[in-house]
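Sequence annotations record features per position, and here Swiss-Prot assigns repeat 'ANK 7' to 542-572. If you look up Swiss-Prot, you'll see 836-865 marked as repeat 'ANK 15'. As annotated by Swiss-Prot, repeat 'ANK 19' applies to 971-1001. For 1005-1037, the entry in Swiss-Prot reads repeat 'ANK 20'. Here Swiss-Prot flags 1104-1164 as zinc finger, drawing on sequence analysis. What Swiss-Prot lists as Zn(2+) 1 binding site is CYS1110, CYS1113, CYS1134, CYS1137, and the listing cites sequence analysis.
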Amino acid sequence: MAEEEVAKLEKHLMLLRQEYVKLQKKLAETEKRCALLAAQANKESSSESFISRLLAIVADLYEQEQYSDLKIKVGDRHISAHKFVLAARSDSWSLANLSSTKELDLSDANPEVTMTMLRWIYTDELEFREDDVFLTELMKLANRFQLQLLRERCEKGVMSLVNVRNCIRFYQTAEELNASTLMNYCAEIIASHWDDLRKEDFSSMSAQLLYKMIKSKTEYPLHKAIKVEREDVVFLYLIEMDSQLPGKLNEADHNGDLALDLALSRRLESIATTLVSHKADVDMVDKSGWSLLHKGIQRGDLFAATFLIKNGAFVNAATLGAQETPLHLVALYSSKKHSADVMSEMAQIAEALLQAGANPNMQDSKGRTPLHVSIMAGNEYVFSQLLQCKQLDLELKDHEGSTALWLAVQHITVSSDQSVNPFEDVPVVNGTSFDENSFAARLIQRGSHTDAPDTATGNCLLQRAAGAGNEAAALFLATNGAHVNHRNKWGETPLHTACRHGLANLTAELLQQGANPNLQTEEALPLPKEAASLTSLADSVHLQTPLHMAIAYNHPDVVSVILEQKANALHATNNLQIIPDFSLKDSRDQTVLGLALWTGMHTIAAQLLGSGAAINDTMSDGQTLLHMAIQRQDSKSALFLLEHQADINVRTQDGETALQLAIRNQLPLVVDAICTRGADMSVPDEKGNPPLWLALANNLEDIASTLVRHGCDATCWGPGPGGCLQTLLHRAIDENNEPTACFLIRSGCDVNSPRQPGANGEGEEEARDGQTPLHLAASWGLEETVQCLLEFGANVNAQDAEGRTPIHVAISSQHGVIIQLLVSHPDIHLNVRDRQGLTPFACAMTFKNNKSAEAILKRESGAAEQVDNKGRNFLHVAVQNSDIESVLFLISVHANVNSRVQDASKLTPLHLAVQAGSEIIVRNLLLAGAKVNELTKHRQTALHLAAQQDLPTICSVLLENGVDFAAVDENGNNALHLAVMHGRLNNIRVLLTECTVDAEAFNLRGQSPLHILGQYGKENAAAIFDLFLECMPGYPLDKPDADGSTVLLLAYMKGNANLCRAIVRSGARLGVNNNQGVNIFNYQVATKQLLFRLLDMLSKEPPWCDGSYCYECTARFGVTTRKHHCRHCGRLLCHKCSTKEIPIIKFDLNKPVRVCNICFDVLTLGGVS
């Protein structure tokens, strides 16, 4: 709407803008003409020109007698006028010639308008007034006397006053005066606001003009003529369109409205009659299938409906889709939404429809008849009209299977009784809503069937009402002849339905009316969607009595009604009542007592028991109610049954007792009650588990405590692994179930017994390992269990079959917390040895458990000094094993680093570390205070030991730490002797370079290190010899040992060719004899090859030997036997042994010189044997 208004205003503004532009153009033209005239005029002052004077004189003659030759009658006055002035303006002043006229009569015109015209004629001045009537009259007067300029000025003045409300009037005026500008302007405004014009706006317009305008403005002139309620215009349209009738009469406009419907909706009976007389279709329908009669009723138009019915409209026409007849629409009216007058008019229409032959049994798209609709709408007026119709079928059902009576029993009337409702504005529901004046009562009086069973479900109206929770309706039907034992397709009676929905009053009434409380359903009822969350007790069950239903759906008030009825039925005078049977079972084999328990109705259950219900009845699966209550975990029901003496000894088909079931279902109160009643607490289940274990295995300590409190044995010997005997404590520890183990300990079970063989000796290792619970807990690392065992007096020093105590087991299993607990125990003995002879400390060291070892040392300070069967303490063993971690640990706990092995060797840890070759351990022992000069039983220091092995680094470490490098052992050997003896080149280098050891010292055998080298030299002897000379260039090579043997002789005797060559190369004497007269020339060897090569390699003359006898023939020198020397080998010879002479070129001896036979051969043959 707002957008349309804006569009119209914009169009109107556009017209005004166009008009303004025209005026601007005209003004510009006028100014142009004025300037042109001024240029052509006399150059004299404009006030002195002839034209100016003439105009001024004419203006002054207005209403003056001067020069007057004419009288004009204006109203009651006579005005002096001048013919020449009038003639100058127009020639149309009178029918006669103006020159012969003495008086002009204008008394028929408005005097004020006339005077305004005369003033303009004389002065050319016109005063506009905001009065459209005045301007219109002035324009008409100007048109009468053909004063064209005045008319144009008035026309423009009127245009500024035109609006929606007066545009029609001005259009008429413009048309009369042929004022085309004004007429076009009004036409534009009419076109812009065509739909906003009212019938009053057209009332003064002539029929011809209005018809002409309507035809020009709309495609549907007839509809517009009816809307403005102009019958004369309709008549003109009918005359003009006579050839196209009646087709034109049945056309719908853009809004889908028919001409006849427009006339009827405005109550234009004459026009409507005219249209009908010209064959307008009274049954014409719109695109929705609604006829004129439907529309008339829809808008509550009694006039239209009556007119159409009288003119033969089809009274059974149905709309498209909804299929509603006029009777349906009439019935839809409700007194809650419409006034009593409207309702009365609808009743008149209904009466007229029925009199005209309307069918009261027609059904709409939902299958509802007008009677259905009137009941649903509460339309008592139409309802009463329909009941009077003899053709009315009361048993027709809608698509939901509902008869009119079903709808009526759901309709509660509002009482108008002042005693019930003293305040008219606040309606209240009357308690007796189904009185004789109610729809339902009137339908039954008219003959409606009270049962009307549904074809799909077989439910009668009574069952439907009860199922919908409408107890008042159900009571009404029950007391008005409904069949109380009617059964639907599932075998359910109204009493079942009432019990299922908790309708206590209806249940009582049905029982009074003779309903059978022992009828059982034949099939399970379908589960409604909204009941999906309800208890499953009522799902898929049949063979239910009404009492089953009431209990299953948890309606205790209904149950009470039936129980009271049983008590009353025995004394009732009414033979209709039947006594309920409480022993009947449903398809799940449940009695009403069981259902009462499951729904928590224990008061009802007690009453049922009081009425003779059996408490120990078994179901088909062998379960009693007590078993079922426990399995449902319904403690309240189970306790209820126990209080009422239910049998606790009955077993299920699986052999389970009530006690086992109660434990399995975690019901502590029920367990307590069963134990209180003397149940056997030792009965095992099918797996051999006693009740106490069942409780503990499921973490039910409260139940276990209850069992123990009632005297249950916490030890409980039973079968174990491999058929041995074990307690529950053994089993709990084996399964790592600490809470259970601790509970059993606190409950006083046997904490010290190991497992036992079975009665016939059954059992494998477990039966004979002798491990107590404390051993087992320590092995599995069960800290809480160990602590609990210690608190409750377990033997901390008990030994198993291997002699191990619990702390042995804990250490071997590396459980630190448990070790700490055991070490902290006041009664523990830390010196107990197992069969391997290991104490706890030894065990800790074996498993490198330093933390445990330290804890033991804190408790037992001498533990670290204990020795094994080889006399070794832990430090000795750790050093021998090169276990630096253990060594460091023992050092950290201040173990004695100088303790000796308690055997024949008496070695210290430092000796052992050197033997093991561990530099890091040697260093740490020295740092820890080990004595570096401690001697072995052979009086050897650690340096002696290191020198014998290839341990140069350790030798350096010992030297750095101040070892006595000059110390000699029992054979007088210092470290260098031993290093040379074992050929340790690197050790020798360290000794020769890093200390001042005496390299020429003789041992007890009179041998220096080089003698040792000659005697014991190995492959690297030559390298060692070179090292000696490198470190000691002036070493005495020819110094003999105690036997008089030099290094060369010793090496030659050992066949050490490399060493011999090195010694000869160093300039040693070749022919020195030992004490036995042996030298390298006469020593018996297999071949002289080595000797010849040694002689051949001589590069300079060797030193001469000295002595008292010949080195070759041993002849003593005297006066007759002179001394000679071999110039090649330097030996001392007699004359006979040195007869050969030969130049020795390599010695730069060019003259022949004396040589021995061997050297002669070497020099002549080249060293070849």
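Here the Cβ of each residue, glycine as well, is placed from N, Cα and C on the backbone.
Only residues 6 or more beyond the boundaries of the repeat 'ANK 15' (836-865), in the same chain, are considered here, and those with a CB under 8 A from a CB of the stretch are 805, 807-808, 811-812, 814, 816, 819-820, 823, 828, 830, 873-875, 877-878, 883, 885-886, 889-890, 893, 895-896, 899. Apart from the site residues CYS1110, CYS1113, CYS1134, CYS1137, the chain places the Cβ of TYR1109, TYR1111, GLU1112, THR1114, ALA1115, THR1121, LEU1133, HIS1135, LYS1136, SER1138 no farther than 8 Å from the centroid of the site's Cβ atoms, the recorded Zn(2+) 1 location.
CYS1110 (Zn(2+) 1 binding site) is surrounded by 22 other CB atoms, counting those within 10 A of its CB over all protein chains shown. Residue counts for the repeat 'ANK 7' (542-572) under DSSP, helix first, then strand, then coil, are 21 helix, 0 strand, 10 coil.
Counting only same-chain residues six or more apart in sequence, the Cβ atoms lying under 8 angstroms from the Cβ of CYS1113 (Zn(2+) 1 binding site) belong to CYS1134, LYS1136, CYS1137.
For the repeat 'ANK 20' (1005-1037), the number of residues in each DSSP class (helix H, G, I; strand E, B; coil) is 19 helix, 0 strand, 14 coil.
Taking the Cβ of CYS1137 (Zn(2+) 1 binding site) as centre and 10 Å as the limit, one finds 21 other Cβ atoms among all the protein chains shown.
In the three-state DSSP scheme, CYS1113 (Zn(2+) 1 binding site) falls into the coil class.
Using DSSP to sort the residues of the zinc finger (1104-1164) gives these counts of helix, strand and coil: 14 helix, 18 strand, 29 coil. Across the repeat 'ANK 19' (971-1001), the model assigns an average pLDDT of 92.
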